[in-house]
């Protein structure tokens, strides 16, 4: 006997399962089955496709007039951090740039101070609350970065919290060491601090899957980033890079040359960098919510990347300074409006391609897959990015069991 049947599905979203990320025109190819059925046994997908009455189960969910998709994949977050920075909103309104705020001791450095002061338990409780909000909005696979410690003790503290959250919720979660996220005030020099973070790599290997670095004006150069990435790769890390967020330094080109699993931000990436995506499986993780929150007008050139047969994913960049949202659905709407992505492209970018960007087995509903599914209170897949700012996730199903039922919460 099967455990669960989801029947009468108005639209069943079935992203392609591929070894590599979807690139170029492939991103717009999305299998949508009308009047679909999903069957689950022992936490795994038994069947997903056209309507079928051939199966029996102990529980049946009627998804009439609903959309069913894989659970969303959140490919870029700064989940574990102390404090908040709401006071910076007025500075941004006055036109003060992010780098200027950073130079004044704000930005990342103010979060570093708050994170260092916070106990591990305080960080855990804060991160747990934000993680649960992500899950309520349909996310069941998450990448979580450190980067607000900037020293051994506090970077490890953040990574321990991230690992504890994954264990508590048995969650598909990847952990990223972002030690070189900024240069602390007490550093002798950028180069000395970078070497300190390189020396820390062997110790964080037990807690982190990826090594990441912020390659940007005033932080780390392309040459410094290359040194760090190659040291991390030599220890067995997959590497990522925050690149070309503000200036076109060549971070995207470096990511491709170093075979990084992803390059993130890419607002200012060069034409040459975008052209290099054609022959690379490095995923361009675009963060339009950050551009929106910072009030900037220039967004990452998603269409140009796709025209060059690049692979892109969409994520929130949830953090306390430049994108204070853990609602990936909202960022899907921003991606439609500002990145000019189609609904099909967006769905692939937050499921299968996001999973490739963090090397995790998620984002599809195929026979044998984990039954991590969302039932959406929406008439079709286009409606979710269209009706922005609210939570359309009605039921979040993890390993074949209803983990979150937002409809029950509303009725209560």
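Even glycines carry a Cβ here, placed using N, Cα and C.
For the 4-imidazolone-5-propanoate site, Swiss-Prot gives 85, 148, 181, 322; the one candidate out of 19, 245, 258 that the record lists there too is 245. According to Swiss-Prot, 76, 78, 242 bind Fe(3+); the candidate from 3, 151, 317 that the record adds to this site is 317.
Counting every protein chain shown, 26 other Cβ atoms lie within 10 Å of the Cβ of residue 78 (Fe(3+) binding site). Here residue 148 (4-imidazolone-5-propanoate binding site) comes close to 78, 80, 81, 82, 108, 111, 112, 114, 115, 154, 158, 181: these same-chain residues lie at least six apart in sequence, with C-beta atoms under 8 angstroms from its C-beta. Within 8 A of the CB centroid of the Zn(2+) site residues 76, 78, 242, 317, the other residues of that chain are 77, 145, 264, 265, 287, 290, 315, 318, 319, 323.
Here residue 322 (4-imidazolone-5-propanoate binding site) comes close to 98, 290, 293, 294: these same-chain residues lie at least six apart in sequence, with C-beta atoms under 8 angstroms from its C-beta. Straight-line distance linking the Cα atoms of residue 245 (4-imidazolone-5-propanoate binding site) and residue 321 (N-formimidoyl-L-glutamate binding site), rounded to a whole number, equals 15 Å.
Counting only the Cα atoms, the space from residue 321 (N-formimidoyl-L-glutamate binding site) to residue 85 (4-imidazolone-5-propanoate binding site) is about 6 angstrom.
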